[in-house]
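A.B. asks: One structure follows; several queries about it will come next.
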């Protein structure tokens with residue numbers, strides 16, 4: 001991603017706050033900008049420093065989504081922040097230049113402005129301007145001075161100056177002295193540009209007139225408006241000192257050889273004071289000194305010892321006159337004169353023109369015969385000058401014509417000839433051996449002007465860094481070279497030591513490349529007489545891989561949604577290594593078993609991105625280990641553990657534990673009772689995994705399902721809303737919905753089949769014969785009927801099912817108990833034996849029909865049988881009819897007709913109802929087709945829908961003759977008919993008969 005840069009420009013905000021904005025770009029993985037703002041200290045919190053979004057051309061509306069922020073780069077306090085709505089850098093905490101930078105003139109704070117998606121870095125430098133927010137302060141509230149009353153006019157007394165935490169023009173610029181009684185103020189400048197203050201006695205003090213003097217000293221800075229601080233100066237006037245110190249000698253005369261070593265004691269002066277106590281304590285000071293004397297001699301203020309502190313050179317100064325002042329505690333003093341005679345030593349090369357007196361030649365003659373001239377043999381160094389004394393005698397002087405150099409020629413031999421004036425002249429010669437003495441005319445010479453060495457950091461103590469070497473062509477003391485450092489900062493002095501004699505520079509402290517990578521050591525080589533030369537040692541500190549990389553988590557999006565797409569940035573990592581070059585090159589890696597990777601970004605930044613899909617249900621959090629390894633030898637590494645959680649997304653619908661549910665409920669249950677429970681689980685988290693149950697809306701037999709069942713939304717327990725009747729509803733199905741609380745919600749459903757269990761709550765119903773009271777329905781039994789002949793059949797049904805509908809038939813009362821028997825399961829009445837003539841013609845049977853429920857329910861009916869081949873043979877029938885009154889017969893006839901009509905109509909209605917309503921439990925009516933419920937039957941019974949208790953279809957025709965009081969009952973046939981598909985496979989039973997009632 002490349003970002004384009006505007007030209008460099010200046011921004012000057014309103015309200016007097018100036019800010020300089022500069023941009024520099026470095027192209028790497030992206031573009032990094034440098035932004036600088038200058039503003040005054042002590043701005044209020046929330047004050048605007050500058051609009052960095054505008055200056056960088058950023059979209060303010062995207063600052064929040066890009067997580068714009070200020071990274072303090074290790075600063076403990078967060079001095080500024082960014083307003084995400086406006087893009088302005090604002091003051092977040094108090095910025096006090098004096099606290100941050102103390103007395104440094106330049107004060108800056110460094111930050112990084114970080115943007116994500118994509119990653120951008122901008123270095124922000126805040127230049128803090130000093131404001132005049134500090135008042136000059138004196139170190140003491142009151143300055144106390146004690147001055148003797150006999151202090152001389154012009155005496156000076158030092159006053160501690162005021163300090164101002166501000167810098168530059170806002171610091172102390174001047175002092176003002178108020179109440180100028182006896183004193184005036186002298187403000188002097190130091191070499192570093194600061195000032196110091198002295199009180200100068202302008203008028204002599206008189207203790208008898210005034211014992212104390214109070215002055216007010218004011219220090220004023222140069223701010224606008226100026227600030228000032230004051231201090232009171234209390235001067236206590238002390239009584240005069242009556243006795244001045246007295247030197248032991250008025251004049252001290254001493255001789256001092258030139259080139260005397262430093263710290264040589266020249267003389268010790270001594271003065272005594274007859275006073276006692278402080279008045280008798282004597283200190284020594286130089287009086288007025290020439291500049292050369294100041295640089296040459298020092299004086300111990302307590303002992304009076306004068307020592308050499310500079311070079312003594314006879315050729316420069318052969319005599320020093322020094323005034324030494326002895327002063328007691330309160331200012332009385334006396335002085336003495338020190339005369340120092342410098343004695344010459346042969347420390348200078350003979351200069352051209354130098355003269356050396358020669359001994360005269362002796363000639364016993366006199367006058368012209370004596371020595372008249374001298375001649376020297378030609379040589380390159382000396383000329384001969386012949387001079388005449390006042391007495392007329394000649395003598396010679398050697399005049400140096402060419403400077404001597406001992407280092408080239410240690411001796412010169414001359415031949416001097418003395419010639420007299422006689423005739424012939426006589427001469428005498430002498431050899432002059434000139435020994436060239438060494439003069440300190442050669443300064444030490446270093447073997448190298450600059451020594452360049454490399455030193456690995458963390459080298460052990462006493463390591464020899466380098467040995468400097470200088471030689472001096474002079475000999476003796478003049479050629480003895482010692483070594484010393486030039487001016488070094490205090491912290492450097494603690495790191496290095498130089499041997500004065502050998503020139504070995506050793507390590508005395510810990511060298512850390514990350515603190516200081518180069519050192520420049522000025523070296524001085526000095527001979528015994530003070531001639532010196534200089535060299536420089538440049539030490540390049542070699543970086544050692546002694547710093548492991550540091551991994552800093554700059555940003556982390558946790559939790560991360562589990563539906564985050566591959567490549568989603570979830571974190572920003574910054575890696576730093578204080579080492580340099582390869583030692584500071586860092587590689588980052590991540591373990592292989594996580595769906596994340598590191599993507600290099602700007603500078604030493606990496607983006608932590610997803611590489612695959614996340615599934616919180618499989619793994620809800622990750623412990624990611626990032627390893628940073630540098631390229632040093634051996635490489636150093638460090639690890640950073642990042643805990644990242646995965647946020648749930650509603651991506652899983654509830655899942656029922658079973659594919660379908662079956663519930664069995666006993667009929668006649670209590671409303672509100674639970675019949676079953678369903679359970680669904682959702683692996684999602686919290687509300688996304690919270691399952692709520694409900695019934696899907698549907699209709700059941702025209703009624704809403706909610707009128708049958710209800711479900712607990714939290715537990716999934718299903719309750720019956722009503723009491724069920726098996727005979728009306730055997731089973732039904734409902735859909736249960738499980739829905740989570742996610743957004744949007746997800747759901748699933750399951751089918752719950754409800755089966756109603758039968759209860760023995762219905763008594764058997766006898767369809768034939770009619771179970772009602774008296775009935776004249778009679779069946780004929782032929783006289784020739786043999787054993788096991790079917791004479792009639794009791795037909796009954798039970799609305800219950802299963803064993804509750806298993807019917808059994810029993811004859812509980814009979815006219816002749818041994819004549820007839822009834823099938824326990826079929827209800828067929830048969831003869832047990834052949835009919836005999838002795839058997840009663842009229843046989844009455846009482847039949848009980850019982851079901852198999854617990855407890856068992858039953859019904860009874862009466863059956864009338866006539867053993868006869870012809871109704872006319874039965875006189876009892878006529879008698880029986882006569883026994884009834886004619887009115888009753890008429891009434892019965894009407895009742896019979898109405899009953900037949902009613903049964904017929906009811907039969908038609910039920911058939912229609914079965915066809916259209918498809919009811920499963922129609923009642924079997926007389927003379928019609930009846931649908932009988934299915935139930936389990938014993939082995940001899942046909943199972944049709946599990947309900948019916950009849951096996952076959954029977955037709956019975958009954959005939960009564962007219963005109964006779966006897967009746968014929970004709971048993972015709974028994975036959976089976978097929979199943980009627982429209983009746984759902986039920987058995988159809990047709991019973992038809994015609995009854996004639998004879999009056």
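Each residue, glycine too, has its Cβ placed from N, Cα and C.
Unlike curated entries, TrEMBL annotations are predicted automatically.
Quantities reported herein were computed from a predicted structural model and do not represent experimental measurements.
Below are the features listed in TrEMBL for this protein:
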{"type": "DOMAIN", "residues": "82-138", "note": "domain 'Cadherin'"}
{"type": "DOMAIN", "residues": "139-247", "note": "domain 'Cadherin'"}
{"type": "DOMAIN", "residues": "248-356", "note": "domain 'Cadherin'"}
{"type": "DOMAIN", "residues": "361-446", "note": "domain 'Cadherin'"}
{"type": "DOMAIN", "residues": "447-551", "note": "domain 'Cadherin'"}
{"type": "DOMAIN", "residues": "560-656", "note": "domain 'Cadherin'"}
{"type": "DOMAIN", "residues": "657-766", "note": "domain 'Cadherin'"}
{"type": "DOMAIN", "residues": "781-877", "note": "domain 'Cadherin'"}
{"type": "TRANSMEM", "residues": "889-914", "note": "transmembrane segment"}
A.B. asks: Mark yes when the domain 'Cadherin' (781-877) and the domain 'Cadherin' (657-766) have three or more Cβ pairs under 8 Å (sequence separation 6 or more) and no when they do not.
C.D. replies: yes
A.B. asks: By DSSP, what is the split of the domain 'Cadherin' (361-446) into helix, strand and coil residues?
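C.D. replies: Per-class counts: 3 helix, 41 strand, 42 coil.
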A.B. asks: Using DSSP, what's the helix, strand and coil tally for the domain 'Cadherin' (657-766)?
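C.D. replies: Residue counts in helix, strand and coil order: 7 helix, 52 strand, 51 coil.
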A.B. asks: Taking only the residues in the domain 'Cadherin' (139-247), give me the average pLDDT of this model.
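C.D. replies: Residues in the domain 'Cadherin' (139-247) carry a mean pLDDT of 83 in this prediction.
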